[in-house]
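K.L.:
Encoded as structure tokens, here's the structure I'll be asking about.
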Amino acid sequence: MKLPSGSRQPEKTVSQRLLQIIGKDMRIIVFGFRARTKQRRAVYDALLRCTRPARLWDLYAFVGCPSRFSNTNPKVRLLNEYWRLLGMGFYQASMRAIEDGSFTLSNEWWRISSVNSNYTMSPTYPFALLLPKSISDDKVLQACTFRARCRLPSITWCDRGTGAVLARSSQPLVGLMMNMRSNADENLVAALCTQIAGEKRRKLYIADARPRKNALANGAMGGGSESSANYFQSEIVFFGIDNIHAMRESLGRLRDYLDTYGTTSSDGMSSFLRHGGWSWGGGNLSSMSASVSTLGDTGWLIHVQTVLAGSAWIAARVALESASVLVHCSDGWDRTTQLVSLASLLLDPYYRTIRGFQALVEKDWLAFGHPFSDRLGMPSISGSGNMPFELSRQASTGSLPSSPMRQGSGSSSSQAQNTSHAQNQSSPIFLQWVDCVSQLLRMYPFAFEFSSAFLVDLLDCMLSCRFGNFLCNSEKEREQAGISDACGCLWMYLAELRASEGSSHAHYNLFYDPLKHDGPLLPPAAALAPTVWPQFHLRWSCPSEAQGGEVEAECRKLTRKFSELQRAKEAAEIRLNEASVTVESLAAELRNEKLVSTSARDAVKRASKETATIKRAVQSLGFSVYFTVDGDCNVGIERNPTEIPQQSICSVLTKDINGSVSHSEKADFSEPASEMEDAVSDNPLIRVCGSLCPMHTRDGECQWPNAGCAQSQSQLVGLKANFDAFDRLSIYDSYFGN
């Protein structure tokens, strides 16, 4: 509980029993219980059963619901990575190829061996090994006996262009006198150094990750280090990386430092209020300097820098000198794994992608037997794991025991802790390696496809035991436990998270540019100055500072908004294209309609002209032409040319749909002949006949009295055009007698 500065507590306080929980993710939680109750013990036992079960099958990955995040067998993925290294990435491995042993492919220099397919040679090595092509399996079996736990030199990365390799193994068993040798081991190591074109054999570096004194001390137990005199054209280098116990204690000091000087600590007091002052150590400069120096005293950043420097040195030797490097420590599964995987990350741009990073972790950490169960304090198939000690009696008091960071110089650890130091095999080796990767990500922000958030989620998934990828100590144990079939796959879970948001997901690095760093990364020594990883180490003690990347967060927000605008733009372009197609179709229809309209208008004009011409022609004959409402055309003979005819004796000319002309005899032609004779003189037909008929004499008499025109008195339409027909008529000879 946080108390205000200067406040006085009551004289009588209720005694509390406290329970402190230290998480592997740097989180510290304290529970307070009433005195003289058994609640604290009940909660402790319940947490103990959940966090550290006695059996492997009691872990959450097994007892939880069946996971939908299934994946292919890890053996298949390992073979695909081996084939990629050999330049045969076009092949795809399968369980059938593993069962019938047809996966042993090779190229000019190296081959895939099945000598450990049943894990009889080395139970902590993978079922398939990448070895020099010139070394047979019989020689491999002879050479493995000279290395600790039979972890003989095996290739973990190779350069197809230069022939340089990066190999790993355990320490040689040279004996107490450091004089034991093995011809099979020396031949195997020499085969790692292929011939350089046009030059002598390439140089070999043997990188021992341990301090020199530790390597010499291991000689008392039969181990030790190689002698450069026994390995042709070789050089031995010691990196001085401490063992797992030093790393565990260093992380504990870092956790206590962050808990002490963070924004809020596990005891509820802010670092600004500690020691009764408003700032660190009462606000004086010497106290603040002491707190900063305490961060250096944790040793964590020094260890991270040592691993980074060793990996950068290995990558430089391979990239710049085309040399082969053999890396080992004592057992070859802790410091060796850190160095070879980090050096591979620097050398190969593929491993700096999300897919490649997964292949790197599965190859160097899982397949080559990093003991995750032992390092995380989890049960394995061969044992029950490291069980914690019972609560000490001092923890039953009303206050927590002081952490090493807060204890005085006279405090000392208990006898039980000294005894358990060598027995405790837990250590944050993988966490330290991921911390190194985050330092490289900070130094080269354009070189990695994944972000720091991806690394944090990877660690959280590993520590939660929700998935089976990091359970057990070796590939053999995971196969015996049926991990790949019974448990979910972490990589599929992370892939589904990324698929939910696409390229804007937090796992993707916004600044990734594969063309900017398409070769090896060779950081200089001056750049290898690590800092506290804020996204992981500070997220509980300093949550506001852990967000550290406000610029990255803003860029991610802008990127997400840009993606939304991009999608909106694409949708608008689709709609615009659809509208354009619609407009084009409408324009085509409009053009067709316009053509039809133009044709119709031309036809109307032509018909109008024809009608006007016909009308003028008919009117010139003395007829009147007018149209009815229904569109019928009436033509009549005028009684008086100056007057509108009151009664027309004519035929109605109409046009049907087909344009043909038909005559409708609407006029009355039944007048008596006498009336017709009386009206001959007054009939204008005579005048018309006289003006048109060629048979009409000058004195006005008709030479064709019996013609049909004189009888019908009005049938003059078409008369002028039918003179030939008149000539063919039979005429009386007496008609022309006079």
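Easy rule for this one: first residue shown is 1, then count along the chain.
Glycine too: its Cβ is placed from the backbone N, Cα and C atoms.
Per TrEMBL, active site, phosphocysteine intermediate is recorded for Cys329. If you look up TrEMBL, you'll see Asn243, Ile244, Cys329, Ser330, Asp331, Gly332, Trp333, Asp334, Arg335 marked as substrate binding site. Residues annotated as coiled coil in TrEMBL: 555-589. The compositional bias 'Low complexity' feature in TrEMBL is assigned to 401-423. The domain 'Myotubularin phosphatase' feature in TrEMBL is assigned to 87-537. The region 'Disordered' feature in TrEMBL is assigned to 394-423.
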K.L.:
Using a Cβ-Cβ cut-off of under 8 Å, list the residues of the same chain that are 6+ residues beyond the ends of the coiled coil (555-589) and lie near it.
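P.N.:
That would be 502-504, 506, 510.
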K.L.:
Across the coiled coil (555-589), what is the average pLDDT of the model, as a whole number?
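P.N.:
Average per-residue pLDDT within the coiled coil (555-589): 90.
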K.L.:
For the recorded substrate site, whose residues are Asn243, Ile244, Cys329, Ser330, Asp331, Gly332, Trp333, Asp334, Arg335, find every other residue on that chain with a C-beta no more than 8 angstroms from the centre of their C-beta atoms, and list them by sequence position.
P.N.:
Ala209, Thr336
K.L.:
Considering each pair of residues in Asn243, Ile244, Cys329, Ser330, Asp331, Gly332, Trp333, Asp334, Arg335, all listed as binding substrate, report the largest CA to CA distance in Å, no decimals.
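P.N.:
Result: 12 Å between the two most distant Cα atoms.
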K.L.:
If you draw a 10 Å sphere around the Cβ of Arg335 (substrate binding site), how many other Cβ atoms fall inside it, taking every protein chain shown into account?
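P.N.:
For Arg335 (substrate binding site), the count of other Cβ atoms within 10 Å is 28.
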K.L.:
Near the residue listed as 'active site, phosphocysteine intermediate', which residues of its chain come within a Cβ-Cβ distance under 8 Å, counting only those 6 or more away in sequence?
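P.N.:
Residues satisfying the criterion: Ser170, Gln171, Asp208, Ala209, Arg210, Ile241, Arg335, Thr336.
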K.L.:
Can you give me the same-chain residues 6 or more apart in sequence from Asn243 (substrate binding site) with a CB-CB distance under 8 Å?
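P.N.:
In sequence order, the residues whose Cβ lies under 8 Å from that of Asn243 (substrate binding site) (at least 6 apart) are Arg210, Asn214, Ser330, Asp334, Arg335.
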K.L.:
My understanding is the cutoff is Cβ-Cβ under 8 Å with a sequence separation of 6 or more in the same chain; which residues meet that for Asp331 (substrate binding site)?
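P.N.:
Sequence-distant Cβ neighbours: Ala148, Arg149, Arg151, Ser170, Gln171.
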